[in-house]
């Protein structure tokens, strides 16, 4: 009798467990596929929480200098020597390829930034609106790790330059241990590299950012102007010391290291991300954001190309230092004065680059905290300082740990994977949001799915072409992947209708976004194997985090979400004014 009762209980429990599992799975997918509502361009209402808003202080030139300040320094002062070790003088081509891809991405970012002119979140926000919640969370995580690694690399190089300047004084010469900041004390075959000064610098900058950003724009403008002057000095002074024979052979190890190098230096152009993520603090976001994004990127591309040509022409690529390539190049030519000037300028330049990078990261965390995908502590803004202190401190801690423990060269190998995937998704957002039916809120689910599938095929075609090239596969397979991508693009052109948008619009939709996606995924196939491992592991962690926390707490329509609607046609020249929902009611 007891056995029969146990069998009956078991038979009743099994369907219940199955039903519970099915319910959890259904809730997961229904949550993961949620989207943030697309704001109508004609609306002028604003819904905001007055206690969590940021202050509008940045004009057009502030945004351009913000983008240049975030970029110049990372590529020239940090990664140039590292990539040149493998690519040789062809590092110039690496910067050109990465820059070309970023120009296409910048056009996509500029359109979306003008459509969502006053909302923090950048790529995360665009993905949340165009696709779904889980994809947006994945994009945020991959991009954020790139930002954290970039900050750690810059902090280490900044520490190295500071030590170099200190060693100009006899009292410090050869008396500063490596573990303080000049290279770092290495363990476990170089995988672990202790550096004390780098996390200290990050802590100091975090304190500055927590105190407020009222004067930071002026400081950034001054420092950025100094960086540009120093770069121009490098180009003109170094041009007279160029030995053309150092450019031969231009690609000593073939073209593959150049493509791999392009993925490494890709993060040197992430300045336009800083511009997009400062939308909530821009005075006239609709007009100024596109100009700031594209203008800052074009300036950076020109300066990077000039410096790469000069440096690799002055010194054989295999003699360039990894931590301070500019200073080492001029020192080898006996131009000690210029070398000292570069080191001083590098300290100022890398400081602003690091400052802007930490600033952008905290604003991204602020956006996720408002939406509930992260704990609400990240959404808190100090009522007097008007800064997201908790987000800022968290960013400083994570970057400080990376900078204090890991080798810069190893860190650079896992860069760009998040940026390449994230930027590709942003390009896809442009196409998705331009589908005419979706723009008119009459989206056909089958047509939308067909368009998304075509975008995915373009991405797969770019990735497949990259894999074929990387592993020297038959030309037949390479051509096949390209043809498949072209057919998917043709379907996007002839089977979808795209809306014409007021204001700035990315030209050549869907051609430009599709080429952007294809090129990004081609570069994605060239990354180091460590980056592949990082991508997979982080994606698994993010999905798990979302399953156990995000899906239960996220709310696309949360009252804590700050949404600034675009002004009406006759009021677009005016600055949007935020009012509380309670007052409007």
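For all residues, glycine too, the Cβ spot is worked out from N, Cα and C.
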Have a look at 159-179, 222-242, 411-431 and point to the one annotated transmembrane segment in TrEMBL.
222-242
So which range, 254-272, 273-291, 368-386, gets flagged transmembrane segment in TrEMBL?
254-272
Among 63-84, 187-210, 254-272, 471-494, point out the range having the most Cβ pairs under 8 angstroms from the transmembrane segment (222-242).
63-84
Contact between the transmembrane segment (63-84) and the transmembrane segment (447-465) is defined here as three or more C-beta pairs under 8 Å separated by at least 6 residues; is that satisfied?
no
Between the transmembrane segment (124-145) and the transmembrane segment (506-525), are there at least three Cβ pairs closer than 8 Å, leaving out pairs fewer than 6 positions apart?
no
With Cβ-Cβ distances below 8 Å as the criterion, list the same-chain residues six or more beyond the ends of the transmembrane segment (471-494) that contact it, or say none.
431, 450-451, 454-455, 457-458, 460-462, 464-465, 510-511, 514, 518
Take the C-beta pairs under 8 A between the transmembrane segment (337-360) and each of 293-317, 389-408, 506-525, 531-549. Which stretch has the highest count?
389-408
Checking 254-272, 293-317, 506-525, 531-549 against the transmembrane segment (63-84) for Cβ pairs under 8 Å, the most are found for 293-317
Using DSSP, what is the helix/strand/coil residue split across the domain 'Cationic amino acid transporter C-terminal' (504-553)?
39 helix, 0 strand, 11 coil
